[in-house]
Structure formats: structure tokens, C-alpha cells
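Chemist: Before I ask anything, here is the structure I am working with.
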Amino acid sequence: MSNEHIVWHDSSITKNEYQQKNNHKSGIIWLTGLSGSGKSTIANAAARELFEQGYQVTVLDGDNVRHGLNKDLGFSDDDRKENIRRIGEVAKLFVEQGTIVITAFISPFQEDRRIVRQLVEAGEFHEVFVKCDLNVCEERDPKGLYKKARNGEIPFFTGIDSPYEEPAAPELVLDTGELSREESKQRLVDYVKEKAK
């Protein structure tokens, strides 16, 4: 069956109605950065604080999504693009339901992030660059991935033998080589609360 026979089904509840009930705007908070930069840690800590303050929030994490929805994808450039495309579409559905979606994905290519930005309305996508020098990420190496990549056990590893394209103009930069975990989380929480008004 081709897509031409599939019709979009509008929800009986509008995004505006969800936002009014939640008392905040929805949007995508897209954390991007190298493995080990702190994306997942910051995303989950910020989500916890926002949730405790009454915000409708969810986290989409790169590793978790690859256990289910994207378990069929590898790490070639094409598979990485498809990974981000799928996540963008899922995040868009959450935005339409009035939710603040915090994503934690390496998402190494600028073009892929640009495409996700275009899925939602202006002002609903917020690119957050979780900046951290490669050597610091390698020192942290919480999953032992850099060591494996350096030993040739993991091909196409971002930062080692696959490029990472830093955001040209992110809405927020969290330099986790300089900021503590708590400082990074608080800056993100403050940013989200300001944009969700």
C-alpha cells in the first residue's frame, strides 16, 4: 500500500488545548553532542525537576530508542539519518500533545537537526549544544565506547572515525567541561521554563 492512501487523522484535542491545560507551551529541546558529553544525564535531571514542578515532560534517549523503535538501524550515515528522522517524527507527536520533549542524541549531522527543526512550528525546536572536548569525553567514557572505538571494535564512532558537526547557532550551549552537572541541569531547566511561558 502506498502512502497516498493514508490520511492524517486529526486529534479531537488541539495542541492549544493541551497547552492551556498544562499551563505551558510544548516544544522539542534537542540536546546534541559527543558521546560522554552529558546529554542523557542533563536531560533526565532536568526532566525530573520540571516534572516535579508540574510540567508535562518526557525524555527520548538515544540508547533507549535503539533498544526498540530503532533497533533495526546501525551506525552508517544513512542509518544515523533515519534514526534522527524517526525521533523527530516521534518528538513532533509529543509536541502536538502539549508535551515538552527533551531529546538526548549525538545527532552528528547539522542537516538532520535542521530537518527536525522544520517538522514543528517556529519557536518549538530548541537546539542545545552539550559542548565537551573530545579528550574530556574520552576520559569520562562511561560506557567504555571510546576505548572500543580506538581499538577498532566499534566502526563509525562519532568523534573518532565519524565526524560530529557542531551546531552553527544553537539556542543554548552547555559546556560540560566547564559547568558542573548541577549547573548544566539548572541552566537547561531555567531555559525551558522561560521558553515554555
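Glycine too: its Cβ is placed from the backbone N, Cα and C atoms.
According to Swiss-Prot, the feature active site, phosphoserine intermediate maps to Ser107, an assignment based on sequence analysis. According to Swiss-Prot, the ATP binding site annotation covers Gly33, Leu34, Ser35, Gly36, Ser37, Gly38, Lys39, Ser40.
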Chemist: What is the number of other Cβ atoms found within 10 Å of the Cβ of Gly36 (ATP binding site)?
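Modeler: Summing over all protein chains shown, Gly36 (ATP binding site) has 24 other Cβ atoms within 10 Å.
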Chemist: Counting across all protein chains shown, how many other Cβ atoms sit within 10 Å of the Cβ of Ser35 (ATP binding site)?
Modeler: 25
Chemist: Going along the chain, which residues six or more apart from Leu34 (ATP binding site) have their CB under 8 A from its CB?
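Modeler: Listed in sequence order, they are Ile106, Cys132, Leu134, Cys137, Thr158, Gly159, Tyr164.
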Chemist: Whose Cβ lies within 8 Å of the mean position of the Cβ atoms of Gly33, Leu34, Ser35, Gly36, Ser37, Gly38, Lys39, Ser40, the ATP site, other than those residues?
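Modeler: Here the non-site neighbours turn out to be Ala104, Ile106, Val130, Cys132, Cys137, Thr176.
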Chemist: Could you measure between Lys39 (ATP binding site) and the residue listed as 'active site, phosphoserine intermediate' for me? Cα positions, answer in whole angstrom.
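Modeler: The Cα atom of Lys39 (ATP binding site) is 11 Å away from the Cα atom of the residue listed as 'active site, phosphoserine intermediate'.
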Chemist: A 10 Å Cβ contact count, applied to the recorded positions Ser37, Ser40, Ser107: which residue has the minimum?
Modeler: Ser40
Chemist: Cβ atoms within 10 Å, counted per site: which of Gly33, Gly38 has the most, among these binding-site residues?
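Modeler: In terms of Cβ crowding, the pick is Gly33.
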Chemist: Quick one: what's DSSP say for Ser37 (ATP binding site), helix, strand or coil?
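Modeler: For Ser37 (ATP binding site) - judged by DSSP and reduced to three states - the answer is coil.
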Chemist: Using Cα coordinates, what distance in whole Å links Gly36 (ATP binding site) and Ser107 (active site, phosphoserine intermediate)?
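Modeler: Between the alpha carbons of Gly36 (ATP binding site) and Ser107 (active site, phosphoserine intermediate) there are 13 Å.
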Chemist: Measure from the CA atom of Gly33 (ATP binding site) to the CA atom of Ser107 (active site, phosphoserine intermediate) and give the result in Å, rounded to a whole number.
Modeler: 7
Chemist: Inside 10 Å of the Cβ of Lys39 (ATP binding site), count up the other Cβ atoms and send me the figure.
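Modeler: Excluding its own Cβ, Lys39 (ATP binding site) sees 28 Cβ atoms within 10 Å.
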